[in-house]
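For reference, the structure is listed below as structure tokens.
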RNA sequence: GUGAUUGUAGCUCAGUUGGUUAGAGCGCUGGUUUGUGGCACCAGAGGUCGCCGGUUCGAGUCCGGUCUUUCACCCCA
């Protein structure tokens, strides 16, 4: 007999966890629907050709590949083996597990472009798989919870994303959070202004670590990546800047004045904040963080990230705008904007802050406890009535002593029991 | 992918410089209690010490490999 075990980086979700996860997902999907987003599901597996090349070389390595069925070696020649794994792979695996929800979404949009009503707003809650090395809060199978709008450049989308995030956090009773906003064009502008035009992706990767490793270390990394002394000096006032949204916008207007694209970013940010005000959203939790970069290279406009301080848990939500979502599938120039909630991390945050409501745990309202066959028969006759009244009820299925039945109720967390003895039956209760 | 780290009963962990039948607490099962569980007391079950190999008269203890856990890097949710 073998000991059962789980593949590395995967988890079971027991009843208690499922109830709490369902609470989170109910809250999120309710909000998505309220904003006009519609559900989409795509297959767990995609053609490998759909997935490869979309996430960079490292991403390709993190894809789970599915071995072809049957004689998976039939197309492989000895010469292929000699050429290495890269040559053999396409001949033994033509499918892979999805790595995120964005690429399958783009594939879906392209395949259905004639049927969809644009701007198309969809949400999608499904697991994704990455052959990463697991760590705390990082798994090989985890859920993403995406909402995207494709087919419009309107900044209303950005505003609505901010409003949805605020609504979800309010519903979940998370009071203290930071919704960080920035714009990729601002970052491009910064690269231009400090004389490092075109090196913004390297700039982003380094700057993104500011919170984690501090300004000193970021400067070292920038130096390693070929940023000059002057560039780093020019960056310093920006790093040092603090202030509210209005002050930061004013600061950026002068700092980025030499950069056309940078000023475009500032203008977009101004519009978003202005629309937000008109919408009536509270400025609560919103931070304009010019150092927010996010690692992803495909964002071209707004960038979002949400953190809950003092929990030791990384960002729980993030997203941004991309100009060309569907270009890789041959349909150029379709803009989109979207974001994602990290369900697993949100779960951890609620756990740490003890914000799960008691009723999140789904358990029967009553257990019917019987002493003998007569009580069991009577209990059986009550079951359907009580259930018809909308109560979750169960009857202990075996004849056994009360101690065991009550212990079952205790362990399962059933708060109320009905004892069915001769006296109760006689009294009609 | 790089560098560390962990693994003993269902759970949390002891286990002395390698030396007889590997322990504790909690949990579990039964009983004290043929109508009131959570407390108490009594009894009991449960481990080829992650797995494979090596050193040794002898390995839970030392060595190698492998898997697993956790952590940092890379990257990311």
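Keep in mind that glycine also has a Cβ here, set from the backbone N, Cα and C atoms.
Residue density at residue A:299 (L-histidine binding site): 23 other Cβ atoms are found within 10 A of its Cβ, drawing on all protein chains shown. Taken from TrEMBL, the feature L-histidine binding site applies to A:100, A:101, A:102, A:130, A:144, A:148, A:294, A:298, A:299.
As annotated by TrEMBL, domain 'Aminoacyl-transfer RNA synthetases class-II family profile' applies to A:1-350.
Within its own chain, residue A:102 (L-histidine binding site) has A:146, A:148, A:325, A:338 as residues 6 or more apart in sequence whose C-beta sits under 8 angstroms from its own. In the three-state DSSP classification, residue A:144 (L-histidine binding site) falls within a strand. Cβ environment of residue A:144 (L-histidine binding site): A:100, A:101, A:124, A:125, A:126, A:127, A:128, A:340, A:342, A:343 lie under 8 Å away, each six or more residues apart in the same chain. Restricting the average to the domain 'Aminoacyl-transfer RNA synthetases class-II family profile' (A:1-350) gives a pLDDT of 88.
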